[in-house]
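Right, one structure below, let's go through it.
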Amino acid sequence: MMFLHVMMMVSVLSGGSAEVVRDFREKCADIFANGASPTILPGHQYRQICQTLKNKVYFATLYDTDNKIPVYSAYKFNKKIKCDRKHIWCIEPQLDNPGEGPNMVPHHSRKSSNQAVNDDYKKSDFDKGHLIPVYMASSQDCSDATFTLTNAAPQNRNFNRGQWRILEEKIAKELTERCLSKKNTAYIVTGVVPGKHKIKRKVNVPSNFWTAYCCLDHTKECQISRGFIGSDRKITHDNITVNELETRLENLYKVKSFQLFIVISVFFAISLLTLD
Ligand SMILES: *[C@@H]1O[C@H](CO)[C@@H](O)[C@H](O)[C@H]1NC(C)=O
């Protein structure tokens, strides 16, 4: 006689997306590990954006219209190619007028009260620091799509062009060698925590930059995952577990629970063969 007990524990996160949607799941669930986004912070200022260029979604952003910076951007990393940096920054038209089209549009002189614009950064000493980096883009359109102001936050120039860039390169290498090579899927979430200062009394200068990845295998579990968090100037807590990062983010965002990746744990408890 053989007994086979299969116990399946599925823990699904609560909570819930350039196209502004009520719920990321309407248009871009596949950007996220197991179809679920990181925690959506409570509050009316947050908008879910499925970042759309030429009618194709490339990544997703939770945007804070009060602070005029993202909370996080999430991306499915498939491969990277070398792309041109055209530096044509876009805005998300639907943040100001829900009647606008789904695509991000190049920002010229259009005024905007719900999001940061190029002028806000001018003469500010800060870079428009990309959350989803150009470096990990899988096509030129994908690279162009990262140049949207809702995917950027004021970042110290030396940090952006120094340690943070090096970290992005290390993560891309790590995921290429240890995840993509095994035909697994790599999910990346990068975010910021609002700080005490604003530029032009409008755009918040984040106190922290953080990023995390999860490499999902066919069992829907994170086979490898890491988290990284730094102050606005340097990586202070390099390389921690995703759990540790979540705990730190709960404190920083002042929320009870902050989850980065949906965890589907499947425990197969197989009671061994019992022979009569
Ligand atoms: C982070 O730490 C892990 C485990 O110690 C290591 O395998 C990995 O290469 C490190 N990654 C980075 C980007 O430093």
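Note: Cβ is positioned from N, Cα and C throughout, glycine not excepted.
Here TrEMBL flags 55-255 as domain 'DNA/RNA non-specific endonuclease/pyrophosphatase/phosphodiesterase'.
Per-residue pLDDT, averaged across the domain 'ENPP1-3/EXOG-like endonuclease/phosphodiesterase' (56-258), gives 91. The domain 'ENPP1-3/EXOG-like endonuclease/phosphodiesterase' annotation in TrEMBL covers 56-258.
The region 'Disordered' annotation in TrEMBL covers 99-119. For the region 'Disordered' (99-119), the DSSP-based tally of helix, strand and coil residues reads 2 helix, 2 strand, 17 coil.
Taken from TrEMBL, the feature signal peptide applies to 1-18.
Per TrEMBL, the feature transmembrane segment maps to 258-275.
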